[in-house]
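Structure, as structure tokens:
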């Protein structure tokens, strides 16, 4: 911890995911930022916390220690597929009620926990969404087969709590859907969604931090399946995005109330987009590699900027420079499906490959010259300040 502390910032996560890449990277970045900015920092695991109401006031203990000075900002990373309102959200509500600024806030996390809840929030705001049906109760899947037929086959079927492309099916017809009803697990309801054929096996992952698009990645399936998730073997490459696509991603993040959000956009033949999903606990191992970014560092800078002193750190101020320059230097995404796929086959490699591998180095050298290395840009700016 550094001296002359000017603020207090915590990193709160769950024991089940704290050793995963995003959490380890965010922890690294927050420690570095807090030392650089002379901030008081603490990393906390959810199950170490005891919430109290004593003499009519909210309180907090961590591993038996009574906490007397609370953080001004808490960076939250919880496993959204398993978030429970009676435990995880209770902890986040407690901190929020005590005056802590959470990123993301509990309501924003809830808006993204359930895929249909996400669509409920976005509906009525002019956001392009695939037609989608769902139901109440856990045993009504079979009853929905006739109701959802108006969406036409093939149709997309998803568990509302699924993640990383799991529990997602493309139902060919009613018979196939009936067969699925006997095989699926019913812990959470499913949704039935209109199939966007032209985006089969392809989507655009957009990461938004603090209302700014920090990067975009085109993801493509390598085995013909509908899902393009890198965790399922898909490949990704940095891409530019049209202004319409960027504004759509920002609009979605704003409506959902997220500080950090991963938004997946489906592509149509006319170059427009519709929203597939939003993730408040977005992973970025593939994103960092494909886009040559340090997303954790951007998150840490934004967290520091939320402290009462109101400092906008240098990295966050440079994001607008990068965004503006990339708009003038990069070709926009939005060509017909075949063109994007051809580009992918010529320029991408598996994002799960060794970062030092020849294939990935070749991929990076083939990227358009106008694409930016955020870390290099920052290093150059800092060098100018020192000199």
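Positions of Cβ are set from backbone N, Cα and C atoms, glycine also.
Record check: Swiss-Prot places 158, 193, 194, 195, 196, 197, 198, 199, 200, 201, 202, 203 at the ATP site, and the matching candidate among 105, 172, 219 is 219. Among the ranges 288-324, 325-361, the one that Swiss-Prot lists as region 'Disordered' is 325-361. Farthest C-alpha pair in the ATP-binding residues 158, 193, 194, 195, 196, 197, 198, 199, 200, 201, 202, 203, 219: 20 Å apart.
All chains included, 21 other C-beta atoms sit within 10 angstroms of the C-beta of residue 279 (Mn(2+) 2 binding site). Across the residues of the domain 'ATP-grasp' (119-304), the predicted structure has a mean pLDDT of 90.
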